[in-house]
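Chemist: Heads up, here are the entries from Swiss-Prot:
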- 564, 568, 666, 670: Zn(2+) binding site (BINDING)
């Protein structure tokens, strides 16, 4: 009996654990502190700083089953997903890693033992082929002489991509950084399937499938292209779980493995589909994996960066559901089946299931409304079309503004025998991609970052000032030996009391003083294992090797401590009041207050906000001790400590406890007891995205200042209304009700005035070939009344074209109305657009009703004067 996908995953981890590898949990799909990546797309991403020498672990061998997404940027598989046997937006990458430990010999031997060993995967040896980089004789000889693979099944692959080291068998992290040759292992499905071995003209067939890539990191590529040998060569490997599962389960497509078959049946169940071979089922089964895990890792649908990619995947899945016949929301219903099928690998998803379902449902409902608006706009554009092709710019505008997929636009057009300019659409899309690349923070060059050898010892938990030595200076990213007065610089010390920004807490400010110099620290940041003090030399000369007195801004630090401790109390209170689905999605803790983003699917009710505030203040009054303990990460999680979103933890972590109320992993600076916080007040609660809420709050003196300000406003209001605080509410309520009544009466008067104006205007209409034309500028009429007047006049005049305009505060407002029987000749949108162009504005709308605005009021009479000849030409 073949192994299940879950058993294959576990067997891989067990094998490498038996070879002395540390089993490391999958990292977030949102890369931690890595500006070069949109999503985690490979197993090595979480070890990138280790390979770069910027981070150290207490192990030199690791193995993971890493969740990955490839659906944006360089690695974009989205359009192929569902239509090929092996493309996915979400997949799991099995990997083993050596950080300066073993190299080519052991890496190859381990791979061979796992793949062919009887107690492991037990694949037939004669079905396995390998490739090596053309000049990598060492790897070739290991495969041939030690493993025993015949020469005819070992293929050398050279530079096949038009540049030196540009090869399928030479891996590089980016344009610069660690790189090296790789060896790939292929499985031969047999001659009953078309395709040739790697390197042959038929290599794109499905017979020979790559199952494992083993990268030998030997070099550090410089900006000028030169290759410098790494002091400690390393190994990075990757084997797609879905691919090896297909091989071990004796199927030719990843979508035929047990995991996908269960999901495909679940998709069919919620959409009502009966043909289980329909490719749309594959698309949706793949997309629910990427969407659910991205949301669980903190990504929310939006119109930029990661959120935009997520939105595209969700909407692609929804469209395929519609193609299958789904009439109602269905996508969110697949989260439960996904949790079941992922098992232990989906524990975090299970904890956040309700939140993920709510975000998906909200997005699905929003897209349904978007589709309706998009179809209306498309109908209008097609009604104006004179040829048989819809231009690419319009198709792109539908896609960009309404999320209207171009293939759906093409489907609608096809029903009317209209083509879509797909080349024009692609050109507009590429222009958007170019702008996104230019404005994006992704794609940083690691060699351009400050690189610091050595580390700084942080002593800020116990000290706010100490004497230290300058170990490095940087100006404009370059290492220097000294800094002079007025220069901006980064100062690195051997030890420091300054806290570097991390976990949402801002970096410390303060001063570094010494022999005739003062350096003002405006921020503190981490650079690998070093801590950089960012600021300006106020006076004197500062040199590497000098002694300094490092002094943190005490008062500012104290305010930050209170706010950070209050954040932990509030997090725990939110989980008590709203539920355990609440998870931190981001935070900012500074000396002014705190900002906390968390998962919750609706706005908090006033009574819920009050409960959270009361609960936090109750813990403050209890004056609980705030204690820290350092322990293993796994032990901390077992204790129930919550981890903070977006934070990267070492193997030994600080666990912060506030009595029996809160336990979290945190490396930040905190108060000694909860009573130090004094007072906690919530300033605001708002939404930042679907399924994400934000609370802003203040503590201590800041909270007291807020109370004073609120009391001052209350007293001022009481004085203005000649009321005391007890009767103030009743007085304001009565005033609001009276104002409402007066506004209603005023609106009625305006409508009566508009009706009278309409009656007077109808007599001024002129007849043009049986159609009444009325053009008029009205004084003293509110712009929003023009539409009502146009509707009245259309009813009075019958077949008609009406243009009304008014000027308010120097701005022109225009409304054009055309009776239905005339819209085949005169379209309101075109008419109002012609007028708007003359008054410095723009507008649009339906063929029977359109509106516009403009800024050139002086040009209005002439613009209105041009209407009669324009309409006459159409009639």
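Cβ coordinates are placed from backbone N, Cα and C, and glycine is handled just like the others.
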Chemist: Test of understanding: give the count of other CB atoms lying within 10 angstroms of the CB of residue 568 (Zn(2+) binding site).
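Modeler: The answer is 25 other Cβ atoms.
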Chemist: Can you list, in sequence order, the residues of the same chain other than 564, 568, 666, 670 whose CB lies within 8 Å of the CB centroid of the Zn(2+) site?
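Modeler: For the Zn(2+) site the neighbour list reads 505, 565, 567, 626, 656, 664, 668, 669.
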Chemist: Which number gives the other C-beta atoms within 10 angstroms of the C-beta of residue 670 (Zn(2+) binding site), all protein chains shown included?
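Modeler: I get 25 for this one.
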Chemist: DSSP secondary structure for residue 666 (Zn(2+) binding site), reduced to helix/strand/coil, please.
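Modeler: DSSP assigns residue 666 (Zn(2+) binding site) to coil.
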Chemist: Can you see whether DSSP assigns residue 568 (Zn(2+) binding site) to helix, strand or coil?
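Modeler: SS state of residue 568 (Zn(2+) binding site) = helix.
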